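Per Swiss-Prot, Ca(2+) binding site is recorded for 778, 780, 789. Residues or ranges marked as domain 'Calponin-homology (CH) 1' in Swiss-Prot: 50-154. Under the heading domain 'Calponin-homology (CH) 2', Swiss-Prot lists 163-269. What Swiss-Prot lists as domain 'EF-hand 2' is 806-841, and the listing cites sequence analysis. Among the features that Swiss-Prot reports, phosphotyrosine is placed at 31. Sequence annotations record features per position, and here Swiss-Prot assigns N6-acetyllysine to 114, 214, 592, 625, 779, 859. According to Swiss-Prot, the phosphothreonine annotation covers 249, on the basis of similarity to another entry. Residues annotated as phosphoserine in Swiss-Prot, with similarity to another entry given as evidence: 696, 909. Taken from Swiss-Prot, the feature region 'Disordered' covers 1-30. Residues annotated as region 'Interaction with VCL' in Swiss-Prot, with similarity to another entry given as evidence: 12-26, 40-61, 108-126. Feature annotation from Swiss-Prot assigns motif 'LXXLL motif' to 84-88; the stated evidence is similarity to another entry.
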């Protein structure tokens, strides 16, 4: 062991007594992949971290105490690497390199690295665990490192039925606790929370230490503490867990539980070995009782097995090949049936025979009896020799079957490949000879010939591409012959037919190319003429079609200028007809030249010109149609010209009248507006003047009737515009109606003003003053004032409606009187009504009551005598008949209530 006293005087260790840990050989790759589920990318759950700290600390101290030391804080006490190296020496029983002296960080890192290198030398992959993290006291990395050490030196070698360490430990726990009620170990976390599993493990091996039947599942803390205390006191297993932590954690830390449970496994391993030995003795004793029976069974089994081997070997050595894969597959199926059905029982018999023989010999030897000697030829070695001969024959037979099947599969694959390629080739060549022999070029046009040549070139490319397939077909046929394919004759026949046909296609291809090229040259001259004809015929045909469309086009004109423009364009078109006729003759001459060349060279032209569908017949037919349409167009244009001249006369006639009536209406409207604003003279004079003006307007009505008649003629002629006037009939009608409405409204306003003046007692001067003020602020002369204009008018008349709170309130009150509908406008009539109320006596109930009070001598009632004395007789009797008796405290006989009578007159109460 390393001398730690020299490295650090703060640690006083005694002589080393390295424990026999779980260290040893063996690869850690698969083990670590299954067991080390430490997740270094995630933070530990606080509860789990707490459990791990306690458990791992206790586990480390259980080994460090063998060296006379211990740790208190797991992430602090390993920082210098000294106790970490000591822990590894104790649990491995090996010596580590000497630690470095000094307490500097570099010394600590080097010591930790020595420990980590030692762990890595045991086949452990330390992923993301570095010496710096351990020296820095990284709790997560330190716990991860200790867990890795626990896995390697405490759990790795636990194996039950070839399971991994974790699974083996779990299986061991399940088997040991299986007989116990309320215990079902399925994992290393929640299965241990109630403590019964810990107690069951102890009771299974040391029943005298635990009274299991007295434990209750609903008291987990007591159960856990009982198990921990018994384990610490009697089994020398330190207390690594807290009962409260386990119970209060939804899922206890799996690593902490595994570490603690592994201590039980190592503590009870000796007892388990004793149990195994006892079972072995029982089995030996049981076998000893059956020795004689086994001897008889051996003899019979050996005879039967040897006989079966002697019968089977000749069948396996039969290597006669078959012709088809189906036959070989049947032999393979028979062999598989032998392996599946016949041989397994014999393997079992042989195995049982050897087991019985070995068991029998062992039992006899242990019981000091002479060894069993089978009959001659029936020794185990004889059976093994026969079995080896059988397996050798079997192995060779299987190899032969597979080779034969592979050979036949190869042959079948090649044959199928040959058939597929041959079928594809034959399908491709089908009809190719007939195509190459076809003399379709003899009646083809030049474009057809060129298309046939391009098609033939494509075929030649396709033919060259298929050369590889023909060569592949021949190569496959050759390989089938070399492999002795059973149907080689048919393959060779088919291959020869394909090759002969291929040679014939090559010869026909060459002949057809020569014929196509010869025909192409003969047709090029004619084609050039056809092309020239098409180039000139197409635009000429388009010109004729456009001309016919234009000549037949329905024209819609509305002015004389438009029809004159159409006539001018038509005259210009007629001037181009001689040139067009010359072009027509030239085009027809080209066609005749092509016909002459074809006839002189005995060429049979198939169909019409390939470049155009415009034939000479079409050109002549359309030319004749153009000649017929020209005079028709002349006649139609002249008729339309006459019509437009008549329409122009109607326009001018209407315009001359409308240009008089329209301004007259506009002038009258302006004069009425001026009269309504100026209002010179008395209201009666103004009313008389306006009525005379109205009669003059009505007298003008015949002029509108005449205009209506002219408008009717325009509508019948479908004339929609008139550039000679800006006035439409609708415009005239609307203006006339507005004129009549305006003069009537103005007369009505004057009449209302007269009524207001007479009712309110307004003088003529006041009325003119009101009109002057209103007109002054009516800037747009619209006959109404807006709110701001009305406010300015009121201010000019002395009203206090300034922009303060009191002025705004007064203005709003006045606006509610003059504009009750809230239209935002104040008419002159509303303005007059308001001003008359403000400047004349108010005819109200209060005023009448005050008058009656004067007649009554300031009393609250009046008598009949007073009424008859002050009022005319009829009015006095009217009041006496309708006045109610006065009911006040100061009433006298015959007193009448003049107040209720006055309010009733104005509808403020009932009579």
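Each Cβ is built from the backbone N, Cα and C atoms, and glycine gets one as well.
Here the features listed in Swiss-Prot are placed on the structure.
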{"residue": "114", "record": "N6-acetyllysine", "Cβ neighbours (10 Å)": "21"}
{"residue": "214", "record": "N6-acetyllysine", "Cβ neighbours (10 Å)": "7"}
{"residue": "249", "record": "phosphothreonine", "Cβ neighbours (10 Å)": "19"}
{"residue": "592", "record": "N6-acetyllysine", "Cβ neighbours (10 Å)": "11"}
{"residue": "696", "record": "phosphoserine", "Cβ neighbours (10 Å)": "11"}
{"residue": "778", "record": "Ca(2+) binding site", "Cβ neighbours (10 Å)": "20"}
{"residue": "779", "record": "N6-acetyllysine", "Cβ neighbours (10 Å)": "10"}
{"residue": "780", "record": "Ca(2+) binding site", "Cβ neighbours (10 Å)": "9"}
{"residue": "789", "record": "Ca(2+) binding site", "Cβ neighbours (10 Å)": "18"}
{"residue": "859", "record": "N6-acetyllysine", "Cβ neighbours (10 Å)": "18"}
Response to the item:
Students should find that the Cβ of residue 625 (N6-acetyllysine) has, within 10 Å, a number of other Cβ atoms equal to 15
Discussion item. At a C-beta cut-off of under 8 Å, are there same-chain residues at least 6 beyond the motif 'LXXLL motif' (84-88) that contact it? List them, or none.
Written reply: 1-2, 4, 13, 60, 63-64, 67, 69, 78, 94, 96, 99, 111-112, 114-115, 118-119, 134, 149
Worksheet item: Among the binding-site residues listed here (778, 780, 789), which has the Cα closest to the Cα of residue 625 (N6-acetyllysine)?
Response: 780
Worksheet, complete the sentence: the domain 'EF-hand 2' (806-841) resolves under DSSP into 25 helix, 2 strand, 9 coil
Worksheet item: Can you tell me the mean pLDDT for the region 'Interaction with VCL' (40-61)?
Response: 77
Worksheet item: Roughly how many Å separate the Cα of residue 789 (Ca(2+) binding site) from that of residue 214 (N6-acetyllysine), to the nearest whole number?
Response: 108
Item to complete: Could you round the CA separation between residue 696 (phosphoserine) and residue 780 (Ca(2+) binding site) to a whole angstrom and send it over?
Response: 27
Practice prompt. Work through the recorded positions one by one (249, 778, 859) and name whichever has its CA nearest to the CA of residue 592 (N6-acetyllysine).
Written response: 778
Worksheet item: Could you tell me the C-alpha distance between residue 780 (Ca(2+) binding site) and residue 859 (N6-acetyllysine) in angstrom, no decimals?
Response: 56
Worksheet item: Which of these recorded positions is closest to residue 114 (N6-acetyllysine) if you go by CA atoms: 214, 249, 778, 779, 859?
Response: 249
Worksheet entry | Cα-to-Cα gap, residue 779 (N6-acetyllysine) vs residue 214 (N6-acetyllysine), nearest whole Å | 114
Worksheet item: In the domain 'Calponin-homology (CH) 2' (163-269), how many residues does DSSP call helix, how many strand, and how many coil?
Response: 68 helix, 0 strand, 39 coil
Worksheet item: Whole-number Å distance between the CA of residue 859 (N6-acetyllysine) and the CA of residue 778 (Ca(2+) binding site)?
Response: 51
Worksheet item: So, by DSSP, how many helix, strand and coil residues make up the domain 'Calponin-homology (CH) 1' (50-154)?
Response: 67 helix, 0 strand, 38 coil
